[in-house]
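J.: Sharing a structure below in structure tokens format, with a few things to ask.
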Amino acid sequence: MQTLRIAAILALLLFSQVLCRPQSSDQKDDDYPGDGGKDYEDPEDLEDSDIGRGTSVSPPVILTRPLRVRVSVGTTVEFPCVVKNGDNEVIQWSKGSEPLYFGGAVMTTEPDRIFLAANNSLIVNDVTEYDTSNDWTCTVVMQPPLEIHHSLQVVNQPTQLTEHRSLAVWPAKKITVNESMGVEFGCDSQSKSRPEIKWSLKGKAIAEVPGVSSKNNYVFIEHATRHHAGVYQCLAEDRSASPEHEAIEVVVNYSPFIEVEHDTFHTGLGIISEISCEVDAHPHAHVKWFKNGNVVPQDEKLHHHEKNGKTLHKLIIEHTRKEDLGTYKCKATNDLGEASKDVVLTGAPAKPVLNHGKDRHNQKAHMIRWRVQSFSPITEYKLEYRMKGNENWIEVQPQVTDGQENNFVVESHFENLLPGVYQVRLLARNDFGWSPQSSIHEFRKEIVANEAQNVKGGSSTTRPLAALTALLVVSTRVFTCL
Ligand SMILES: *[C@@H]1O[C@H](CO)[C@@H](O)[C@H](O)[C@H]1NC(C)=O
Ligand SMILES: *[C@@H]1O[C@H](CO)[C@@H](O)[C@H](O)[C@H]1NC(C)=O
């Protein structure tokens, strides 16, 4: 895996070397020792996903964000300028009105100190206070030109003095992006000891956050999603008891996302019905409810409250009538987009569930108890079972008894089953229709000691179904709630 990755990186490096090297790139690029320099993003990282995407038709863009750097006298500074689709364009560097490089042409009077790397980065060695400028500009010469301006502040302070406060965040302590945009940010340690920068988001190491990568002191998010929002902590691991740390808050604006815990709500006539949908959006979404394409009038029937940064929107119907049943749509809208989801308000029974999920069995019978919620009396049950592997279900109709409040209990007894694995499922019906099908429950009928002789070693699952059903007596009984 690691070897593969290294091979891929090497391939990319070669690729970008071929593509990105300015026409008359200077040989001394490769001599740059890189000491004391900062570690900025590698263009290879940023271009990873673009290779093979057919970039020739797209206009050039500068991927690098403006840097604001504050360093001490004598430091080496690198100003990156990563240009996507810019292979045929001339890159110009200048400081204020002073030209430094134009394509491969050297214009600066200090080419030994200020030089252009093959990756378009401008590298300034041994900075002095005269290098302080808000206008270190990289320009892609085209019509209209593309530019970014880096700023550099060189302070005349021995490094020791800045040591205790040497962790700087870039580009800001709070960054706001729209979803699917790229984000990059970093923490720069100007400490001489060059501590390792460790990143985390909500207590998780950055490597565990999907879609986020980090390299040296920088974090890259290629396509921001709502899951990337939060406070990123950077920690300068210097093995001391109180390592320096900083935080960068990333705010992601994203279009609404609707989560419905239940998409069907069960109710009955004359009672209060409540349907809801949970909306996750930033900024907050405006929510409207629709029924059959018409907006449900917005009055006191609508409620919403916050929950873990999401908003639960409820539609409450005080006294449910038959015409209130049906399919509703909740539609959430904010500046970035909209989302909608259908939820059903029905009078039919809810999906039957196993009671405690526990079966009771003795030597003769196997008993399964189900629970069904219904706001109208149950009129009918349909229980189906089969030996696992058989195609056809055997249908029985458990007897209906009264429930307590809205809860109905069904007990089904299976007697004299042959050993094997069985599957069983249940449906319930009231005046409004059938419930959803329960999940399939499986149970095993064990070989009981005195039956074992009858089984004669043959695997019971291979016996024909006819033989099985002939032997089978099923009694289902229903008890009122305990
Ligand atoms: C650009 O090249 C220089 C010199 O080879 C290197 O030190 C630097 O890390 C590179 N920068 C980026 C952004 O790849
Ligand atoms: C983010 O999205 C909003 C709404 O669509 C738009 O007005 C704004 O310009 C976008 N911001 C950026 C940085 O793209």
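Just so you know, glycine gets a Cβ as well, placed from its N, Cα and C.
Per TrEMBL, the features are:
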COMPBIAS  26-40  compositional bias 'Basic and acidic residues'
DOMAIN    59-140  domain 'Ig-like'
DOMAIN    158-251  domain 'Ig-like'
DOMAIN    256-346  domain 'Ig-like'
REGION    23-57  region 'Disordered'
SIGNAL    1-20  signal peptide
J.: How many of the residues that make up the domain 'Ig-like' (158-251) does DSSP mark as helix, as strand and as coil?
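T.: Split by secondary structure, the domain 'Ig-like' (158-251) comes out as 11 helix, 47 strand, 36 coil.
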J.: State the mean pLDDT for the domain 'Ig-like' (158-251).
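T.: On average, pLDDT over the domain 'Ig-like' (158-251) sits at 85.
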J.: What are the DSSP helix/strand/coil residue counts across the domain 'Ig-like' (256-346)?
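T.: Split by secondary structure, the domain 'Ig-like' (256-346) comes out as 3 helix, 58 strand, 30 coil.
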